[in-house]
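Report on the structure given below.
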Amino acid sequence: KLAGMTGTAKTEEEEFRNIYGMDVMVIPTNKPIARIDKPDLIYKTMEAKFRAVVNEIEEIHKKGQPVLVGTVSVETSELVSKLLNKRRVPHHVLNAKNHEREAEIIEGAGQQGAVTIATNMAGRGTDIKLGEGVRELGGLHVLGTERHESRRIDNQLRGRAGRQGDPGSSQFYLSMEDELMRRFGSDNMRSMMERLGMEEDQPIESRLVSRAVETAQKRVEGNNFDARKQILQYDDVMREQREIIYKQRMEVLESDNLRKIVETMIKDVIDRTVRLHTPENEVPEDWDLMAIVNYMNANLLQEGELEEKDIKGLDPEEMVEAITEKVIARYNEKEEQFTPEHMREFEKVIMLRTVDRKWMNHIDQMDQLRQGIHLRAYGQNDPLREYRFEGFEMFEAMIASIEEEVSMYIMKAQVQQNLERQKVAEGKAVHQDTSKQEPKKKQPIRKGETIGRNDACICGSGKKYKNCCGAGK
């Protein structure tokens, strides 16, 4: 049974239910929430927004109330830090560049007058403890410089303030140039700001604005959910195939006798080969019996062991039966030569190696298919349906390939006796003791008689050596 606990699951309720079949239950807080969540402030430009953010931080800092500034990226956190340095407001920056000081910075973030700039990942899972006199000032104030694509992350940022019944407040500062607003913001909101002729530094503060932003976030979440759901549907195809292969592999590992499995594989290979060359829509005279004979002799039997006359005049079922009988007889002979114990071990090794290699190749092929399958949509075909169909065909082909390779290796394996290994195993020396052998005497190097080029040739022709046998030397 799957279960989990988190403070921000409610916004993802639909995904938990549809994909994992899990319901989301909201448990009441331990103590009543005293945090005040102020409506969003939306500005016309990003420049105006950051001016307002810095002004707000400076005001709150003067009161002594601690501020936690949440940013979407490291770049934004450094920009806010730069602006605060110009105003000479002391602060700490908590991002990926100085994560080693994370514990120290978080510990002081709730102290009076503290200003902390943090990305959404920094300092998560840590309660910011309020210092002396901070509760009277209103607790920790969380200031968001931008809305995230997911409401869940915004809720995590808000939740840094007002923990365990402590006082606190939160507010987000937005601009029409923010990534979220540019991609998913309402055109009505833009035209409304233009019609009102609002100044750059004049914000809109309205629950309607906050709701419009939440609607934009829901659209993003919906798009992301659809993308994850589609990925899961594609992954389900591989998951089903993986379960089948792993189940069969486990059976091989746990089994002490694979003979029945091997015999089934051999019969399947014979049946497939016979069916391939004896189609039902052809008359027996047109069947390619020689192709069956050549395949069987090359992969399952010895050369010449099966002849065309052995299967001529038989229907496909009788052919399969006749060939299977020959192959199983050959299998029994091989087992006698190899001994049953060694045969079982050999079968297991061959089967595991073949399955592992073929499965790895199949994963690569499925990955290649997945990368280009979306192009089928241009042909008015459903890419997911095409992926399932072709993936199943490829899986069937892989299973057939495993059966053929295992059958061939087992039936074509040669039993070789390694005499030297046997002697070593018995403790006998492979070579005689060289200490008792007499050292070989070095033979003198004999040089033949050299003949000058102008001397008489040794063949007795009377010619000079250079003009006879020595010509060209």
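Every residue gets a Cβ built from N, Cα and C, even glycine.
Annotated ATP binding site per Swiss-Prot: Asp127, in sequence order, evidence recorded as similarity to another entry. As annotated by Swiss-Prot, region 'Disordered' applies to 424-447. Under the heading Zn(2+) binding site, Swiss-Prot lists Cys457, Cys459, Cys468, Cys469.
For the binding-site residues Cys457, Cys459, Cys469, counting C-beta atoms within 10 A of each C-beta gives the highest total at Cys457. Taking every protein chain shown into account, Asp127, Cys468 are the binding-site residues, and of these the Cβ with the most other Cβ atoms within 10 Å belongs to Cys468.
Annotated pair Cys468 (Zn(2+) binding site) and the residue listed as 'ATP binding site', C-alpha to C-alpha distance, rounded: 108 Å. Taking only the Cα positions, the spacing between Cys469 (Zn(2+) binding site) and Asp127 (ATP binding site) is 105 angstrom. Cα spacing between Asp127 (ATP binding site) and Cys459 (Zn(2+) binding site): 111 Å, rounded to the nearest whole number.
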